[in-house]
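Engineer: Dumping the structure here so I can ask a few things about it.
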Amino acid sequence: MTIQWFPGHMTRARRQIQDKLKLIDVVIELLDARIPLSSRNPMIDEILQNKPRLVLLNKHDLADPEVTSQWVAYFAEQGLQALPVDAATGNQMKEIMARCKQLMADKIEKQLSKGVNPRAIRALIVGIPNVGKSTLINRLANRKIAATGDKPGVTKAQQWIKVGTEMELLDTPGILWPKFEDQQVGMRLAATGAIKEEILYPEEVALFAVRYLASHYGTSLQERFGIARLPEDPGDTDAIIEVMEAIGRKRGALLSGGRVDLEKASLTILRELRAGKMGRVSLESPSDIPDPASVTEER
Ligand code: G4P
């Protein structure tokens, strides 16, 4: 799903989520495990305020497990529990329920001490488009929930979906916008497929991806495309373009006259990356976060 976000849509999306917050106990914030910060809404803390929250690092099957562990530690430092999951295969569904229950433990305890039988925990899934919200709802519900008009500005009656006996889920997730004004964020979103190519040039996105792969996953890149040597300096754009051209030749992405069709080569690289053909790859790690001190100095 691609949504064109305008300020009016953002305001409406935010208002819709805030209206739903009144109905729910726990927010399940879905992020892409390969790019947790880039797939995050920049105003999330403000929007969710102090609602108990569980962060899910989805598509963990495609992400580098070592980097995902670093992200779990990163979120723990911010006081947030983060759980790596694969909504597509449905692993960890029981753990999601257990964690939500844990987040509500105090409230449940209080109700029990007053002799009140705690009602099912009510949860809302929020996240940017394509992060896996519908897939997760279907997994938790254990059936296919009809895709609804979950577009910003489109309202409909809310339905609760039973997840076991102890949890209920709102059938319509909250859709949030990413921080696309940051160019690096845009590249990461595009490289993982959260933003479609029509918006950005595939050559530019593939250049970003190959540069990142060359500096973090060089061996996987070499093995996948049979590249003998990678540039010593991944910052050298011409050298990275040469790698892309070598990949294009390997994959037969050629124009008449034998020149490499760089657009076709780029689309191939991105397709294979998104399908996990280069192994489990993360495109963002906590060490990529700029040091706030150095950002201030640049101003
Ligand atoms: P959304 O509601 O947040 O917009 O996302 P949705 O569930 O539609 O999921 C977007 C795509 O991500 C789907 O691929 C879905 O199968 C995939 N996906 C969701 N969870 C996982 C996961 O844990 N692992 C992997 N590998 N993929 C996951 P799709 O239907 O093929 O869509 P697309 O590829 O055409 O965008």
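Each Cβ is built from the backbone N, Cα and C atoms, and glycine gets one as well.
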Engineer: What does TrEMBL list, out of Gly8, Gly164, Gly174, Gly186, as binding the same GTP as Asn58, Lys59, His60, Asp61, Asn130, Val131, Gly132, Lys133, Ser134, Thr135?
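Structural biologist: Within the candidate list, TrEMBL flags Gly174.
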Engineer: Any idea which of the binding-site residues Gly132, Gly174 has the thinnest Cβ neighbourhood at 10 Å?
Structural biologist: Gly132
Engineer: Check Asn58 (GTP binding site) against DSSP and tell me helix, strand or coil, would you?
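Structural biologist: Note: Asn58 (GTP binding site) is in a strand by DSSP.
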Engineer: Relative to ligand 1, which of the binding-site residues Asn58, Asn130, Gly132, Ser134, Gly174 have a Cβ found under 6 Å from one of its atoms?
Structural biologist: Asn58, Asn130, Gly132, Ser134
Engineer: List the same-chain residues at least 6 positions away in sequence whose Cβ sits under 8 Å from the Cβ of Asn58 (GTP binding site), in sequence order, or say none.
Structural biologist: Leu30, Leu31, Asp32, Ala33, Val85, Asp86, Ala87, Gly127, Val131, Gly132, Leu136
